[in-house]
Amino acid sequence: MAPTCPRPLLRYRSFAILLFAPLLLLPLPITMPTRNSFLCLYVSSIILQEAKCAYIIIIMAVYWCTEVIPLAVTSLMPVVFFPLLGVQSSKSVCLQYLNDTNMLFVGGLIVAISVERWNLHKRIALRVLLILGVKPALLMLGFMIVTAFLSMWISNTATTAMMVPIVQAVLDQMDNTENDVTMMEQATGQTNTVIELEEKNPSDPTPVQVISNGQVPDGTRSSEEKKMKKRICKGMTLCVCYAASIGGTATLTGTGPNMVLKGQMNQLYPNNNDVVNFASWFAFAFPNMILMLVLAWLWLQCSFMGFNFKKSWGCGTVRTAKEKAAYNVLKAEMKKLGPISYAEFNVLVMFALLVLLWFSRHPGFVKGWASRLFPEGEKYITDSAPAVFIALLLFILPANKPKFIGWNSSMSDTEQAEEDIKKPFLSAPLLDWNVVQRKMPWSIVLLLGGGFALADASANSGLSAWLGHQMTPLGSIPPWSIATVLSLIIAVFTECTSNVATATLFLPVFSSMATSVKIHPLYVMLPGTLSASFAFMLPVATPPNAIVFSYGHIRVLDMVRSGIVMNIIGVFCVTLAINTWGRPIFELDAFPTWANCTTNQ
């Protein structure tokens, strides 16, 4: 009976956390020194500010980790409690919820929604898969490349939700074709057996056990084929969710933690000279994504398919029936989309224009269009401006080609001409607000805003400086080892909590630690940000994992086994990136003056 006693208590888990977490932490903000000197009162008021800020942050961390209330609702707590506790004014807190970084995120999401709205992402995916081919290794590589590329621009969840049905359709068709081929082989084998038996002398007493074509008995072969089939299904589905998480790290707008880093850099280091922008982030994170993608592909190949070069790559072999079936499925899906429409072409042009504007705004090695075309453009124009500009155009540009009507129409089509005149010159736009409102992840926008409010309050209350002072002894440890250990901690922690919440909680602490030991803040913040996206081990760690898990091909143990190695691969790649090409891109070898000035302030 003893083991069953805690079960009823689970009903009260959420209520207990909601009630007792604030009560148990209440001594933190109300503890004050007892001496009455003016200096002590002044010092104690500073300490009280830090304690009040820490009180709210710890409560939010508990609520975020346990998810007793929705993450977005927890993110609204600073709006209420920071003003009530005297940490910051309501005006200062509310400004953080729709700042420049959030507007960049919103603009990028609107463009991503337009890509989804017109199925442009599906056309790109199918086209790439048809080009790469359907050999086992190439098929998995194709799925991973497409998923990673799409995750760079649209949400990881939407990419996975689109790709997994395509993978499932290909696997089902390959399975059906294999069953048909097996039945034909069995029928042919039985016919051959009958012929051979008829040719034998009936008086021969020796029992004849004929195995058609000298193959292994059907029972053994079918069991081995079923196991292999299961392994292929696991590998093909896991590669999609892993590639979605990896691909999102390559661009600044690809996933939430990247935006958290951008926003907190602007909050904590306002004079950072726009060190983290779209171009600089891409130059650092894209090679890391390529390296991780290749290593992940090799690991999944070895784990689930066996690294047989000839069998996997099909060198010197003809296309099998299964491969032809997979190719036909992809071709049929492509045919359903039809020729590229006017709307798709417009969205593609707008998407390409946005990427071009992001890259050329402030490339670093030359002057960008912001400084060349506008006075003091580098000071006033950030990445959010082109993102919102393209988003505005998507609500203006028509989804259908405008129709010009001639003034001198013949009498025979008078009725048609009258109908054409009644129609507006521009058709419905590429995007409708109802579509955006339905697909926009507003919870992530609030989650980012709550994180920026926490970072701003930590800096202004002195909590960040106090945390940094406590970490001064870490200065005796080599910076690369600090970055590696922090990356491992984040990679484990993000398996249990939201990646955005993880980055929100840890990045201000990493920033304080870096300024206290006089190393470049990005040296520890960049690995921490990327590691927050390495949620590979559990189905609940990230939505792409949950989507893949729901199809029933993999077990939790399969994901844990593969995910442990994926986390090691991720930490290794991040450590390599930050210590090689990351150094010249962000000038990590020296402690920057903008961080020093911020610390002094």
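Using the three backbone atoms N, Cα and C, a Cβ is placed for every residue, glycine included.
These figures come from a predicted structure and were not determined experimentally.
The region 'Disordered' annotation in TrEMBL covers 200-224.
Residues 44, 47-48, 51-52, 54-55, 58-59, 62-63, 66, 68-69, 85 of the same chain lie 6 or more positions beyond the ends of the transmembrane segment (12-32) yet place their CB under 8 Å from a CB of it. Taken from TrEMBL, the feature transmembrane segment applies to 12-32 (among others).
Residues or ranges marked as transmembrane segment in TrEMBL: 39-62 (among others).
Look at TrEMBL and you will find 68-85 (among others) tagged as transmembrane segment. Through the fold, the transmembrane segment (68-85) approaches residues 13-14, 17-18, 29, 52-53, 55-56, 59-60, 93-94, 97, 442-444, 446-447, 449-451, 453-454, 457, 498, 500-501 of its own chain, all at least 6 residues removed from its boundaries and within a Cβ separation under 8 Å.
The transmembrane segment feature in TrEMBL is assigned to 97-115 (among others).
Per TrEMBL, the feature transmembrane segment maps to 127-154 (among others).
Per TrEMBL, the feature transmembrane segment maps to 235-255 (among others).
Marked as transmembrane segment by TrEMBL: 275-300 (among others). Proximity of distant same-chain residues to the transmembrane segment (275-300), defined by a Cβ-Cβ separation under 8 Å and at least 6 residues beyond the stretch ends, is recorded for 140-141, 144-145, 148, 152, 235, 238-239, 242-243, 246-247, 249-253, 258, 261-262, 265, 307, 358-359, 361-364, 382-383, 522, 526, 530, 562, 565-566, 569-570, 573-574, 576-577, 581-582, 585-586, 592, 594.
Annotation comment: TrEMBL describes 340-360 (among others) as transmembrane segment.
Positions annotated as transmembrane segment by TrEMBL: 380-399 (among others).
With a threshold of 8 Å between CB atoms, the same-chain residues lying at least 6 positions outside the transmembrane segment (444-468) that come near it are 46, 49-50, 52-54, 56-57, 60, 71-72, 74-79, 82, 87-88, 92-93, 96-99, 101-102, 105-106, 256, 259-260, 263-264, 267-268, 498, 500-501, 503-504, 507-509, 511-516, 599. The transmembrane segment annotation in TrEMBL covers 444-468 (among others).
Within the chain carrying the transmembrane segment (480-510), a Cβ under 8 angstroms from the stretch's Cβ atoms is held by residues 57, 61, 64-65, 71, 255-257, 260-261, 264, 268, 444, 447-448, 450-451, 454-455, 458-459, 464, 467, 474, 519, 521, 523-525, 527-535, 537-538, 541-542, 563, 567, 570-571, 574-575, 578-579, all 6 or more beyond its ends. What TrEMBL lists as transmembrane segment is 480-510 (among others).
Annotation source TrEMBL lists transmembrane segment at 562-581 (among others).
The stretch from 97-115, 127-154, 235-255, 380-399, 562-581 with the most CB pairs below 8 A to the transmembrane segment (340-360) is 380-399. Between the transmembrane segment (562-581) and the stretches 97-115, 127-154, 235-255, 380-399, the greatest number of Cβ pairs separated by less than 8 Å involves 235-255. When each of 97-115, 235-255, 380-399 is scored by its Cβ pairs under 8 Å to the transmembrane segment (127-154), the top-ranked stretch turns out to be 235-255. Cβ atoms under 8 Å from those of the transmembrane segment (380-399) belong to residues 100-101, 103-104, 106-108, 110-111, 114, 252-253, 274, 277-278, 342-343, 346-347, 350-351, 353-354, 357-358, 361, 370, 374, 426-431, 433 of the same chain, restricted to positions at least 6 beyond its ends.
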